[in-house]
Amino acid sequence: TLLGVILVAQPSFIFSSKVSSAVLISSKLRALGLSLSISSAIASAVNVLAFKQLISTSKTIKPSVITLHYCLAVFSFLLAYQLHKQFFLQNRFTFDYVVSWRFLLASTLGTIVIIPNILSQKAIKREHPAVYTLLGSADIIFALILQNIFTTKRSNLFALIGSALVIVSVVILGVSKIIVERRLQKQVELKDIQCMLHDTEEKQ
């Protein structure tokens, strides 16, 4: 999976870049972006583990309540940011900007994002965090497909190979998980049958 992600992302320190020097990012900004990416990955992993532990130890806490708290927290931060821009930076909204199709489209997409968050919480509740995190890496495949459909940029051979590796790893993981669960279920059923036979023999 890691090799597939590297081939799809194609970082410039491994692959030669064909981007012109006019749009190259400075080393300081690249270091900042890398640090933020690593921090985001760590925070996401901690979030998954904490959510799994929380719903496993407490049956009274519902995922919908956590989603509501998440939405309220995001709304509070965004409201504070907009008030800061409005009163301190003097960057005011206009009515034409609010009713523009770009703003309405962004608002609609932001609302739709709630649905994947709910589905993610359902998945974490029913699956092991490590498996969920690995399966979640398949989203890079969907991003690659959408890129080839809606943009003029086309994927090269390395990106296609990386996508295939990610898909294969996800399929292998899913199949192995199903096989292990079936084996455990058969072992439990066999133990139950043995216990029933043992109890029957003792009664006789």
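The backbone N, Cα and C atoms fix where each Cβ goes, glycine too.
Sequence annotations record features per position, and here TrEMBL assigns domain 'EamA' to 32-173. Marked as transmembrane segment by TrEMBL: 31-51, 63-81, 101-119, 131-151, 157-180.
The transmembrane segment (31-51) shares more Cβ pairs under 8 Å with 131-151 than with any other stretch in the list 101-119, 131-151, 157-180. The domain 'EamA' (32-173) scores a mean pLDDT of 79 in the predicted structure.
For the domain 'EamA' (32-173), residue counts in helix, strand and coil come to 117 helix, 0 strand, 25 coil, using DSSP.
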